[in-house]
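Written out below as structure tokens is the structure these notes cover.
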Ligand SMILES: [Zn+2]
């Protein structure tokens, strides 16, 4: 039931925020034969519509991923860089990144003494160039890269890069394929630039004017050794968002998700996040306000090259979303 080939395709696709062309192409090919209309707006959001006569529902999953951007190249061919979205120097140390042309480099730091207060500006990327001239044949200032890692099937769970938020894209795609008909008018929006501040969702919501909105994204887990308290666990079901730092979810949407899960015996947990935000943070404040909520997938090691999610949680999220959208809302 869990489509490992699809998540591999989505995860591996290149798509740091602002550079979503390749991942958009992958998603477009998956959904185009299963919807009534597809379009790409000015910002680059991919909008797939399933027509219906009822309420307008916007389902948002962001296609972009975190990354790095080149700020300088020295005489020896080493690259200096800055972040695109939340990139920690500690988790990126020793990892690989990949540029859109396939160039791969590894991230390291100047001095071990920097370790305690490590900052990205004390780090560099080695792409194997002998000097600046050779480096410039492969990368240029302003070029962007994403993490580079292999997907590992862990049995109950899956580990790879960019599950934030390709797993949300996966849930949207699988739901689109599974939904036969809906009484509602459904706008599946694969948004751009979420990692930089919910930018694509903001303009898409303004244009679509939805009655209701649901975001699909990852959330943090509280079940790893000595991590901070958070009542969200891997394998406990999709998490119905109560709040994060960008939204207090509307009771209508919260109850719709909870009641549908109960009616269909779908396991779920509640997400009360004291930090972070996602696309509905921007969507619910669009125009005169939108009734909004979110389905989150518990994810360990978010914003690292090795994010982990539970296959059952993902399957149950597809099931729950399909049931919710099949209802007359
Ligand atoms: Zn995300």
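Yeah, the Cβs are placed from backbone N, Cα and C, and that goes for glycine too.
Per TrEMBL, the Zn(2+) 2 site holds 164, 195; the candidate it also names there, chosen from 284, 303, is 303. Cross-referencing 5, 114, 217 with the Zn(2+) 1 binding residues that TrEMBL gives (62, 164) picks out 217. The number of other Cβ atoms within 10 Å of the Cβ belonging to residue 194 (active site, proton acceptor), over all protein chains shown, comes to 29. In this structure, the binding-site residues under consideration are 62, 303, and the one with the smallest number of other Cβ atoms within 10 Å of its Cβ is 303.
Ranking the binding-site residues 62, 164, 217, 303 by Cα distance from residue 194 (active site, proton acceptor) puts 62 first. Among the binding-site residues listed (195, 217, 303), 217 have a CB atom closer than 6 Å to some atom of ligand 1, in sequence order. Of all the binding-site residues given, namely 164, 195, 217, the one with the smallest number of surrounding CB atoms inside 10 A is 195.
Residue 62 (Zn(2+) 1 binding site) sits 14 Å from residue 303 (Zn(2+) 2 binding site), counting Cα to Cα.
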